[in-house]
Structures are given as C-alpha cells and as structure tokens.
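Colleague: The structure under discussion is supplied below as structure tokens; questions concerning it will follow.
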C-alpha cells in the first residue's frame, strides 16, 4: 500500500480554492432576478417542498435527493403516467384519509375508504358491463347500479369527473408470496386515490448550509421563523458534533467543482462525482480523519478494499484547525485548512517464465 498526494484533487496552495467568501461564491446576477430557495428544517435535514425549486436545485448542481426516490426526485407527470401502488398501500392510504381527511367529503370520497376485498364482487360485475372502459369504478357507493348501461356509464363518469386526473392510481395485488403465476394472474385496476404523496427534496445539513452561506441562495425556515446564517450554523452544529469538519470538507470539494454526495453506502463520509450521479459513477470515497475516531490498519485496508471492488479511490482527508486563535464561526472558516492523501492498493504481479 502506498500513500500519495492526489493529483486530481489537490493544488499547491490548500487555500487556493477554499474557503471562498460569501460574495465570491454568489451568483453574478442582478439582485432583482436572483433566485432564493426556501428550505424547511425538520430536525435532521432540510427539505424543499416546491416542485419548481426542487427541479432547479437538482438540475443546477445535483443538490439533495428525492424523499421517495433513490436519488433523483421523481416528479412524475400524472397525466401520462398514473401511479402504480400495491393493494396494501392503497388500503393504508384509505385509513389515513379516514383519520385525517376532510369531514365534508362527498359520497364518492366517503365510499373510497372501503376495503377492496368487500368490493371484489362489485368490481367483477362492473367490469363486465364496462368492458370498453379503461377506468373501473372502485369507489362507488354500496347502491347497486341500474341495469341500464347509460345510467351506469353516467355514474362512473360522474365519479371520476369530480376528481382530478392526478388522483387516479393503478392498484395491483400484493407480491409478498413469490408465486409463479403472479404476473399471469395480475389484474391491475384503476381507482381514485385521495392521498397524494408529494415528493420532497431532502438536503443534507452540509448542502443546506453551503447553499445558504456559500451561494446565498437558500433561506432556512424553522418553527415558522427564517434563520439567519449564525442561527442556522448554531442549529446545525447542535445536532451534529462533527458538522464543522464535515462542512469544511464539503465546501472544499464543492469549490473545486465536484458534486459531493453522502458516502455511507461505501463506508465513507462523502462521495465525489466529477459529472454528477446521473452521468457516471463516483471517483473518490472521502474518509475524514477525526480525533475521536482512530483509524487502525485493518479499518484502512477495509476502506481500500471496498474502493477497489467498486472501482473507486480512497481520499483520506484531515481538517487542520487553527491553533491559538479564537475563531468565531462561520466567519472564521477561512482559518481552516484541508489536507488530503490518496490511498491506493498496489498488487504486485508475478510473471512466470516457462523458458
């Protein structure tokens, strides 16, 4: 094993790119057109709720991840792609709507809360009458439809005309048991869903403070109050004792143009992407050295082995704090230095000569 200085992730001067002042990192835009996003602190992360802000933040720097997605927030156009959920999910949402829904709901809304098992017989009969219909009424009342096809069609159309298109969802059976005939017996059915699971953009504390302090493009709201930079810094530090080191490292690599993402999946603190998660895999796994965390040889070998099997490299990073200087954060972040060491694994190759 060798320890070398990283060629791609280091400059001659550690402070050449970090830290930058707030003014130097702000967008060079006129104040009248500068975009200020709004994030809500939930006790652990900062969430952005506006769909327009979610789209801009993710596509202009790959900030955050979707609350109901693996990475990229899936803001699905419901007019084209109805949501597909399991039967148990549909029943659970019905229970939520029954507990927290509007008390002044219509007949269609109230009957939406019924179990699907109780409507199985009615669904079959309705399906036979409406073979040419794409939508089967799963939320109609207990009253039987008349045998007149016209009245039946009017009842179904009236049920769905009172609902928005984004309330239509597709219900499929549960897949708990891995049976061979699951897909053969799969009979998806359309119904009205009154509970909308809104996608949110989840920002890590480091991402949120970088947007607020480094770029000046985010305001953090907590308990219905907009926090200034000092209040936001104090709040984030109070919930994570390693926040200072983590933010210094995050700001350092972000200022170099890398997309920085959490690296817990690979046993590190951060992952570094050159082009973004949606374009190519991460190039480096960041491991931050800490006074409270002693990295022995076995731990380091484990990090290198994980990086080797996933075609990545380990960057061991140490945050050098100022000595003998009373610093007031975050104004004194420029006094911090970052030292990085690239760990590689060299496997000697044995050449057998049969001559």
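The backbone N, Cα and C atoms fix where each Cβ goes, glycine too.
Please treat TrEMBL annotations as automatic predictions, because they have not gone through curation.
Below are the features I grabbed from TrEMBL:
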{"type": "ACT_SITE", "residues": "273", "note": "active site"}
{"type": "ACT_SITE", "residues": "281", "note": "active site"}
{"type": "ACT_SITE", "residues": "312", "note": "active site"}
{"type": "DOMAIN", "residues": "243-319", "note": "domain 'tRNA intron endonuclease catalytic'"}
Colleague: Round to the nearest Å and give the CA-to-CA distance linking residue 312 (active site) with residue 273 (active site).
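Modeller: One finds 11 Å between the Cα atoms of these residues.
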Colleague: Give me the long-range Cβ neighbours of residue 281 (active site): same chain, 6+ apart, Cβ under 8 Å, in sequence order.
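Modeller: Same-chain residues close to residue 281 (active site) (Cβ under 8 Å, separated by 6 or more) are 273, 310, 311, 312.
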Colleague: Summarise the domain 'tRNA intron endonuclease catalytic' (243-319) by DSSP state, stating how many residues are helix, strand and coil.
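Modeller: Computed counts for the domain 'tRNA intron endonuclease catalytic' (243-319) are 28 helix, 23 strand, 26 coil.
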Colleague: If you draw a 10 Å sphere on the Cβ of residue 273 (active site), how many other Cβ atoms land inside?
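Modeller: I get 18 for this one.
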